[in-house]
Amino acid sequence: MRVRNRKGATELLEANPQYVVLNPADAKGKWQELFGNDHPIHIEVGSGKGAFITGMAKANPNINYIGIDIQKSVLSYALDKVLATDVPNIKLLWVDGSDLTNYFADGEIERLYLNFSDPWPKKRHEKRRLTYKSFLDTFKQILPEKGEVHFKTDNRGLFEYSLVSFSQYGMKLKGVWLDLHASDFEGNVLTEYEQKFSSKGQVIYRVEAVFQ
């Protein structure tokens, strides 16, 4: 999600260390200690303005959530939502999520969410897609055995590519939704993009893939 630079974004992030972890590499292997409990940890790579991560945290108080985004302005808007919601089970990371092993130990994360990731439609940019093999390698490392990746997109090309990528990697497709909002799936928490696209009648695709 690209947004204009927000004046004061850096200062806002730095002023809220209770939610924004500025040196996440130091927390590697210690995230439950940082949260102050032994609850499972779920992360969202590319958390945007925070609608999904705050909604999930509010609905599931016994799960810890970490939202990751490289854009400080976007993350500052997510922080606004966190502060307004006042949920204790969220941390935000202002980092590049290309190698999550820099921040999380093996098996430290229970579940990973990819919501409306950049489709990078050109073939020469395939390696930048978050469901490309090299990303799956890092996801598998920080997730436990049978760890899950939950993926949503409005881009059919990326969806089909991801189904193939997951399958070729040897992952089990636990669930596939070709039109999420027309299905009987319960508990869906919308992202900002999802709210925008679905209101225009855009089909939303979803898959739950499990490492074997």
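Backbone N, Cα and C atoms are what each Cβ position is placed from, and that goes for glycine too.
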Co-listed S-adenosyl-L-methionine-binding residue [Swiss-Prot; alongside Asp69, Asp96, Asp118] among Glu44, Glu108, Glu126, Glu145: Glu44
Recorded substrate site member, picked from Asp99, Asp106, Asp154, that accompanies Lys122, Thr191, Glu192, Tyr193, Glu194 in Swiss-Prot: Asp154
All-chain count of other Cβ atoms within 10 Å of Asp96 (S-adenosyl-L-methionine binding site): 11
Site with most surrounding Cβ atoms, counting all protein chains shown within 10 Å, from the recorded positions Asp69, Asp118, Glu192: Asp69
Among Glu44, Asp154, Glu194 [binding-site residues], residue with fewest other Cβ within 10 Å: Asp154
Binding-site residues compared (Lys122, Thr191, Tyr193) - highest count of Cβ atoms within 10 Å: Thr191
